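Everything on this sheet refers to the single structure shown next.
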């Protein structure tokens, strides 16, 4: 014991003992770290099962689908629908969408092992075994579809079922066979709009509902082309047929990005104009249309730049702009319809 420690012990023996114990723990932790080659201050832990179950559903995609469901329901109803109905709608839609995402991961579990981007998913990482994943997937799909049918009728349930079948049974196997999978995936990703639209009273033959589907489908081209470029090497190694693996120059991806950006601009303006035709609200229509054009312009510009110079920098700019365009357009169209 040195001089400082003797002085400390005279002042308060408990403080001295605590100090020495702390030093001992520090030395022991340091020795353990040196001996085992690990950092003791950050203990690795296994993710909890509920976290893995959520991850299995592709929660980011589900969140995007739920946002579009709310918007499409409000557009069909001309305002907010009953809160309880909205909750049932979100629950049913979320379960169907989550089931589709989980089924996709079940199907691609072996391929996911070959991509850094997906290797940590629950199934390839073996945090969830196959049988429970299949049961979970089936339960989500059946319960979600039942909720949509029981609460809102055949049209929303049929839209949900069509989304699931198209995404899982057609889009997923196409990913390793043809780059046209993007088109099928875009349609599958856009169909959930009809769940919200028809649940709130919209008809399956309404122009507005199908224009909303077109907006969602068109948006996915620039959004996914940016992702496909950034992960093109991983997609190629895993055996996926994407535009960026079939045409590594990026010309095809750039052209599709431009086409999608132009399409979403045109459809967004149409959605702002159509409600103004019967009621003659020209001023609101003009303002909303200008807003839609302004919202779509950054992604259109980023698409042209990516097409002219396909590289990671331009792809990231395109991806960032796409993340802002969709919520902005949906907000403008929703407000325009409500007004």
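In case you wondered, yes, glycine gets a Cβ from its N, Cα and C as well.
Nobody curates TrEMBL annotations by hand; they come from automatic prediction.
Per TrEMBL, the feature region 'Disordered' maps to 1-39. Summarising the annotation, TrEMBL assigns compositional bias 'Basic and acidic residues' to 1-14. Here TrEMBL flags 61-81, 87-107, 128-148, 154-172, 184-203, 209-231, 252-276, 282-306, 318-338 as transmembrane segment.
Only sequence-distant pairs (6 or more apart) were considered; of these, fewer than three Cβ pairs between the transmembrane segment (184-203) and the transmembrane segment (252-276) are under 8 A, so the stretches are not in contact.
Against the transmembrane segment (128-148), stretch 87-107 shows more Cβ pairs under 8 Å than any other of 87-107, 154-172, 252-276, 282-306, 318-338. Within the same chain, residues 89-90, 93-94, 97-98, 101, 189, 192-202, 206, 208-209, 212, 216, 326-327, 330-331, 333-334, 337-338 sit at least 6 positions outside the transmembrane segment (61-81) and bring their C-beta atoms closer than 8 Å to a C-beta of that stretch.
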